[in-house]
Amino acid sequence: MNWVIIAALFFVIINKLLQYTSRYQEAWINKFSISSDISSLSKEYSKLSAERLKIKEENQSISAQDNYARWTKNNRKLTKLEGELEKLRSNLKIAKDSQSKLFNRLKLLTLTLPFMILKLWKGKFIVYDIPTKDTFPVIVNGVLSQGLLYIPLLPINFLRGIDPNKHILVPGVSLGIWLMALTKTIDTVEFIVKQLVFQPVVSKQVKEKTKEKVVELKTTEAELD
């Protein structure tokens, strides 16, 4: 297998994995964070949250009338802790947003841009050959081997007197078209699996209620007419 195909498959697989794990990425980024700010802020937030919970439990266990001074003192502590926790939440959000931006830049530089460069550089690379030039019409062969730009460039080349098929030495499917078909197939399979496996089943009662509402709506519209 040619290195171009291997590289293209690598980028497709990595991008799909990132797409499927998008809901967990923030937790992973925070867990393996190299930023000392997020680590220290998270520890401080956990410490103050535990302290707030302890004071709340203590206030619930005592009577405000019998232990008014202690109850009031705890309330003042809770108010102070709420302010500190709110400040920590704000600082944590800023730190996490900054780290997410760094991750997105890293993804752009290591995945998105290299994949785009590969498609632009090797977009016309023939992944596999077509037996003969007569297998498909000339325009279809042109699109398969040259990409979708073949169609808008066709009249321009015709007016300039350039043969649009002069570069098609061997008919085949180019990398750009192959990647388009591959990603479309993956998306279709993914959609079917979601619908068959992960889509919640609508109960008969819900269906019957929906039908009743539709009938009532039609009856109301008929009465209005």
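Heads up, the Cβ atoms here are built off N, Cα and C, so glycines get one too.
According to Swiss-Prot, the transmembrane segment annotation covers 2-21 (among others), on the basis of sequence analysis.
Across the residues of the topological domain 'Cytoplasmic' (22-107), the predicted structure has a mean pLDDT of 84. Look at Swiss-Prot and you will find 22-107 (among others) tagged as topological domain 'Cytoplasmic', backed by sequence analysis.
Summarising the annotation, Swiss-Prot assigns coiled coil to 37-104.
Here Swiss-Prot flags 108-128 (among others) as transmembrane segment, drawing on sequence analysis.
As annotated by Swiss-Prot, topological domain 'Lumenal' applies to 129-172. Long-range contacts of the topological domain 'Lumenal' (129-172) within the same chain, counting only residues at least 6 positions beyond its ends with a Cβ under 8 Å from a Cβ of the stretch, are 123.
Annotated transmembrane segment per Swiss-Prot: 173-189 (among others), in sequence order, evidence recorded as sequence analysis.
Taken from Swiss-Prot, the feature topological domain 'Cytoplasmic' covers 190-225 (among others).
Nonlocal intrachain contacts for the transmembrane segment (173-189), taken as residues 6+ away from its ends with a CB within less than 8 angstroms of a stretch CB, comprise 4-5, 8, 12, 16, 119, 122-128, 130, 143-148.
Same-chain residues lying 6+ beyond the ends of the transmembrane segment (108-128) with a Cβ under 8 Å from its Cβ atoms: 2, 4-5, 7-8, 11, 14-15, 18, 145-147, 167, 170, 172-176, 178-179.
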